Amino acid sequence: MSHSTGPFIAAIDQGTTSSRCIVFDRDGRIVAVDQKEHEQIFPKPGWVEHDATEIWTNVQEVVAGAIAKAEITAADVKAVGITNQRETTVLWDKNTGLPVHNALVWQDTRTDALCKELGRNVGQDRFRRETGLPLASYFAGPKARWLLDNVEGLRERAEAGDILFGTMDSWVIWNLTGGAQGGVHVTDVTNASRTMLMNLHTLEWDPKIAESMEVPTDILPEIKSSAEVYGHVKEGVLAGVPVASALGDQQAALFGQTCFAEGEAKSTYGTGTFMLMNTGDKVINSYSGLLTTVGYKIGDQKPVYALEGSIAVTGSLVQWMRDQMGMIKTAAEIETLALSVEDNGGAYFVPAFSGLFAPYWRSDARGVIAGLTRYVTKAHIARAVLEATAWQTREITDAMTKDSGVELAALKVDGGMTSNNLLMQTLSDFVDAPVVRPMVAETTCLGAAYAAGLAVGFWPDTDALRANWRRAAEWTPRMPAEQRDREYKNWLKAVERSMGWIDDEDAS
Ligand SMILES: Nc1ncnc2c1ncn2[C@@H]1O[C@H](COP(=O)(O)OP(=O)(O)O)[C@@H](O)[C@H]1O
Ligand SMILES: O=P(O)(O)OC[C@H](O)CO
C-alpha cells in the first residue's frame, strides 16, 4: 500500500501492445499499476489484428490488479478515465456483445487499395478539408468499410440495427457500463477525430463523408467531450464509479504533459511516435504532411485543436529486432548493443513497415536498410534502428515549424523508449533542441486521470494540474551542425529508396 491517502482517480490505458490501469493520488503521483500484454495477430504481410474479447478480459484483470495493489475499494475512487490506442476498429453485435471479427489495428494496411479508390472517386482534398486527415489506411473509417464489405452478411446486420462500431474507447466504455445490458455507446471528440468520419469544424459525424465511405451513421457512437460523466461502471471492483473521461492516447499524453498553452508540444515514444502541438482554438491546415486533430475538449468548454506528426514504427522496430530477428533479448539491450560501436557504420534503416506516415503519407513505401557494406555489424544496425526514431522525429519538427511558424524551444518527451539514454541524446542532437522528460513518464494515463478528475471536481482547473509537472531529466545537443546536416541528407536519401515498392497490383 502506498502512503498516499485517498481519494484517488483510476485511469485505464488500452494501448497497442498492452492494457494497463494506474491509480493516481491528488498530486498526480502513481499509487499502483497493473499491466497485461495482448496478442499481436499478423494474418498476412501488412495486416495487424487484435482480439477485442481478449483486450476486454485484460482490461478487467488490470483494473482488478491495480485496485488490489493499491489496497483500496471502489469507494476510494472518485472517477475512472479511459485512454486508448487510436483508430483501431472493432464492430460488434449489440445483442450478444461479441465482436464480429478481430479488431483492425491502426498499423494495418489492408485498406490501401480502398483509400486509393476513394481518392480517385471522391478526391483527397474533400476528406482533408472536412476531417483534417489525408486518405490513408491508418484511420478508422476505411477499416469499418472493409469489415462491412468483407465479413459475410455484416452490412445487412448493420442495416437491421444489430451492429455497433467503436474505437477502443467505445468498446471499453460500452463493456464497463454494462455491455449488452444497457452499456452506453459513446466516443469522445479526440477519438472521433481519427475516424475520418467526423467533421473537424462541427465536431459531429459528417453524413456526406460517411456516405462516400459507405459507413452507415446509425452504427456510430454518440460524440461527447473528453471530460464528462458518460455513465457508471456496472460490475467488478469499480462498480458504481463514474466513467468520466476518454481521450486518444496521444491527446491524453498532451494533456498529461500539461501542454495547455498554444505552441506547447510533446512527443510520445511507444510502439509508434506521435508529436502533438497545441494550436488553441485554431484549426490549422497543414501544408507539410501533418494531421489536424482535436487536442481535447473539457465539458462545455471550447475545443482545443492540435497539429500532429504521426510516425508508425519506432518502438515496434525494437520489438521486431527482438522478436523477429532475435538480435537482442530485451528492448533495453538495444542500447548496450548500439553503444558497442561509435556510429552506424554507414547504415540507415527506414522502417516503413506500414508505409510511411507523416510527413509523407506514402502507403507504397516498405522498409529498407540502405548503405550496407561488409563492414556493417548487428551493432551498427542497432544504432541505425535508434537513429531511425530520431530522424523521423526531426522530419516532424521541421514540418511543425513550417506549419505553425513556432521554432522548437524544447521537446517534452514520454513513453517506453525514453528510458533509452542513447536515444534521448541522439534525439537532442538530431532535432538540435533540448529534450526534457517529466517525473511521471506515464503521461498517457495521467492525462486521462486529469480529465476524469476535472469532470468530477477532484481537481479545480488546469492550473492545479500544471503545478504537478516536474522535470526528471534533460539532454542537450552535442553534435556539430555540419555532421548533423551530412547525416540528415543520407537519411533523406534512404527514405527516397523506401518509396514506390508496392504497386497497384500488390495493393489490391
Ligand atoms: N530501453 C528501450 N530502448 C528502446 N526501446 C524501448 C526500450 N524500452 C522499451 N522500448 C520500446 O518501447 C515500446 C513500449 O513503450 P510503451 O510506451 O509501453 O508503448 P505502447 O504504449 O505503445 O504500448 C516497445 O515498442 C519497446 O520496444
Ligand atoms: O498504443 P500506442 O501508444 O502505440 O499509440 C498508438 C496511437 O494511438 C496510434 O494512433
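Including glycine, each Cβ sits where the backbone N, Cα and C put it.
What TrEMBL annotates here:
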- Thr16, Arg86, Glu87, Tyr138, Asp249: sn-glycerol 3-phosphate binding site (BINDING)
- Thr16, Thr17, Ser18, Thr271, Gly315, Gln319, Gly416: ATP binding site (BINDING)
- Thr16, Arg20, Thr271, Gly315, Gly416, Asn420: ADP binding site (BINDING)
- Arg86, Glu87, Tyr138, Asp249, Gln250: glycerol binding site (BINDING)
- 9-256: domain 'Carbohydrate kinase FGGY N-terminal' (DOMAIN)
- 266-455: domain 'Carbohydrate kinase FGGY C-terminal' (DOMAIN)
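Projection of TrEMBL feature records onto the structure.
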residue : record                               : Cβ contacts under 8 Å, 6 or more apart
Thr16   : sn-glycerol 3-phosphate binding site : Gln85, Thr88, Val105, Trp106, Gln107, Gly270, Thr271, Gly272, Ser316
Arg20   : ADP binding site                     : Ile12, Asp13, Val33, Asp34, Gln35, Lys36, Val62, Ala66, Cys445
Arg86   : sn-glycerol 3-phosphate binding site : Trp106, Thr167, Thr190, Asn191, Arg194, Gly248, Asp249, Gln250
Tyr138  : sn-glycerol 3-phosphate binding site : Glu87, Trp106, Gln107, Ser310, Ala312, Ser354, Phe357
Gly315  : ATP binding site                     : Tyr269, Gly270, Thr271, Gly272, Thr273, Ala331, Gly415, Gly416, Met417
Gln319  : ATP binding site                     : Thr17, Thr271, Ala331
Asn420  : ADP binding site                     : Ala332, Ile334, Glu335, Leu386
Taking Thr17, Ser18, Tyr138, Asn420 as the binding-site residues, the residues having C-beta under 6 A from ligand 2 are none
Quick tally, other C-beta within 10 angstroms, Thr17, Ser18, Thr271; top of the binding-site residues is Thr271
Gln319 (ATP binding site) falls, by DSSP collapsed to helix, strand or coil, into helix
Widest Cα pair spacing in Å over the listed ATP contacts Thr16, Thr17, Ser18, Thr271, Gly315, Gln319, Gly416 is 13
Restricting the binding-site residues Thr16, Arg86, Glu87, Tyr138, Gln250 to those with Cβ under 6 angstroms from ligand 1 leaves Thr16
Surrounding the recorded sn-glycerol 3-phosphate site, with Cβ no more than 8 Å from the Cβ centroid of Thr16, Arg86, Glu87, Tyr138, Asp249 and those residues left out, we find Asn84, Gln85, Thr88, Val105, Trp106, Arg194, Gly248, Gln250, Gly272
Among Arg86, Glu87, Tyr138, Asp249, Gln250, the record's glycerol-binding residues, the widest C-alpha separation in angstrom comes to 15
Not counting Arg86, Glu87, Tyr138, Asp249, Gln250, residues with a CB within 8 A of the CB centroid of the glycerol site are Gln85, Thr88, Trp106, Arg194, Gly248, Phe274, Ser310
Other C-beta atoms within 10 angstroms of the C-beta of Glu87 (sn-glycerol 3-phosphate binding site) total 27
CB neighbours within 10 A of Gln250 (glycerol binding site), counting all protein chains shown, number 30
Cβ density check for Asp249 (sn-glycerol 3-phosphate binding site), other Cβ within 10 Å (all protein chains) comes to 29
In three-state DSSP terms, Arg20 (ADP binding site) is classed as strand
